[in-house]
């Protein structure tokens, strides 16, 4: 007890002395003493850890507080309490922690004294933060924006409170690994990426060939972001027989006891360590001690590990081992010191299977409504972050600071939602409900903030405007369900101004669809007067459509007025009212107005699309600009989820997609009702089978793509059979089994059906084994005809190309059996989804990325309509309020290809802003022209912000790029990229803040303003 108190006192005195000297020591700058490693013995790095899911079987709160123990015996607060106590009892012990969402809660509950003690443990290296994100994010269903944001949230906390920046990526539980995740970890400056899961065939080959560690160069565009990767030998839990917290025999080393077992237990552990060593190339092995929510009673672990280490190390000749408490960073340093040459991997780690019948490809689609809601809130968070920065000069600093504090709610809930059992859809139902509720709370908080900011912007700039009453802003979150209470005042003659916000970095000329209660309206633009509009009358509802021109990071206003209102301007243009025309009734009866064989044609200046007059199905698509044509069909099919059979008991469930057979059934054999709308703004074909299956093909007058809106679900299980629903597109393209999918919305990955670049694949599951995640983009190409067919999605899905010229997109799934991977519930979700895709068909030589990249960003960052009301004419309203706003210097201040990815306050008291700018195009070698490096002067972007300094940082904004130092590794190809090889390291540009951006590069800056 005396030693323990003295140990604590020394820590506290050390911190007090630092404070007195006025120093804020950054722990990354402190050279910790290296552990004693052996050059002749096998060094066994024991890594004490807990894997704390930020929700899974229990909610985040239940896991933290330890409630609902009947579901899972876990309480993170007790884990941290007991682990810290055990570290203080023995300075040799170490512990790593990963999930900052939990640690931040625990930290905030601690006294100042305890916080200082913990800082001392971090200083000494006993407690080390690994990975350091708000959660351990999924890699298949997360968007790259969200991944970077949640890592930033965790790293900012660690830097502000401890002065540390993690150096190792630790993703030991996600169910497959993406190229983008590896690239992000490289750009963060991580020295290594440690993973726990790898396909069973891949890992068998690697174990045999000692290739469990390699250099992962996952991107052609930014190869300097390669990262050394190490695969754990046997997942991330304690070796069998040594889980002292869960009932395995303790180490009994008292020679006076009859049941002394220290020799046999040491021999047992030695065999484990030596087996591990046969698969790795250095005399170092990492053996994790811990598992899910481990160290709830940390003393049970540490006391026994102490004995194991002491006994084995006292007998080096007998056991041949050097055991030590270690961390992943210590282990990686030791591997690096071996100075070996490493193989290079360039493909990703999808799909993942843990045996021949179990491909983890179902979760790419599980809970698609939640996946869509997460994506929607990502877009909203970026809107509110942008607004808070660009409007802060218009409001009192105290008000601006409060609004920035308010948005932390949304940042944190979005950080939680990226967890690998959250957006992935692999949680229990009550946990999914909890995530949705948290997102809803964050959503409401964000909309309240936007209401305040937009009110400020509307009344800014000019005395007359500033004297106007601040309007109240409302929103219509159910626009995709044709519900918008904000437009109800039109029925009583009140006009409805609609402010439409664009969060992208270029002017957008896009269609807007708004449900309205009446048909006879006009639309007036704040900048262009009365404009053409269209009202579609469908099943008794009215949908207003018009083309809106919106400046970057800003809004434009369009005022909707009833033609019967007293506020109609004399020269206003009434909306064109269009009644949908029934072409085919539900029973398949053909309307006499249409010849049986004549196709239905939707056409604009860019594309021509033909549909069957029998059932409204798509027949062909022609790109009128390049003159290329392909026949194309689309059908809904479903796979019968396995409930186990003689080959394997494996069921299809939350994680696993395992169909009973590779044959897929037509989802609905009935002929749908088909209706058509033709208008100046849009024309569409609507196919209605039932309220559970509706498909609309929509062609806008200014679009080079075809939009597809689909309503699917709840999935019918009245026959007692679950269903996994796929939308299959079949073209005449000859694709040679090759197709492409994005990686978390970023770089495209080449896929070849029934093939893996890294090993010789034995095909056992030809359907589920070929599905990979798609977050935004999938396409097929016919090089001989120079044709490309692209599908752009609004949320993550699973995709495959099982036949030449085909793309299969899994849309929704509902299974009736648990798949045995821990969640303990079937994927029996009864939700309906409303989802939007874009179909793009073009000549490869027409620089394909310029078509699909902006289209994908448009879906991921949709325009945001904001509504208010007025009892004024549009002219009077425009004279009082700022109807058009952009904080940028022009309609296109950024060169084509550059995008402001992040614009958010770091500290608005110090006027410091986190700014990320990305080049959205990649080097892929497929286009006739690859993107070039783009130059930008940061000082020319903003009109409302004057940049006084710009310091380039690592990706999460906590470490100067000029100070970033990574371990050097040798590779078999000799390409040992410098992390800064394509990046300027100048902190403050003396030439107008000029920087260059190579293809697919994201550069991060902390800028200060006046």
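Each Cβ is built from the backbone N, Cα and C atoms, and glycine gets one as well.
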For this session: Would you mind telling me which one of 669, 784 Swiss-Prot calls N-linked glycosylation site?
Result: 784
Problem set entry | Residue in 382, 420, 430 which Swiss-Prot records at the Zn(2+) site where 51, 53, 173 also bind | 420
For this session: Show, in sequence order, which residues other than 51, 53, 173, 420 on the same chain lie with their Cβ within 8 Å of the centre of the Cβ atoms of the Zn(2+) site.
Result: 52, 56, 136, 172, 174, 292, 419, 421
Exercise. Residue 963 (N-linked glycosylation site) to residue 539 (N-linked glycosylation site): how many Å between their Cα atoms?
Worked result: 63
Problem set entry | Fewest other Cβ within 10 angstroms of its own Cβ, chosen from the recorded positions 53, 173 | 173
Seminar exercise, completed: Among the recorded positions listed as 173, 480, 520, within 10 angstroms of residue 51 (Zn(2+) binding site) by C-alpha we get 173
Seminar exercise, completed: Counting other CB atoms within 10 Å of each candidate's CB, the least crowded of the glycosylation sites 68, 520, 528, 828, 954 is 528
Problem set entry | Reduced DSSP assignment, residue 954 (N-linked glycosylation site) | coil
Seminar exercise, completed: Reduced DSSP state (H/G/I helix, E/B strand, rest coil) at residue 963 (N-linked glycosylation site) is helix
For this session: Express the distance between the Cα positions of residue 760 (N-linked glycosylation site) and residue 53 (Zn(2+) binding site) as a whole number of Å.
Result: 34
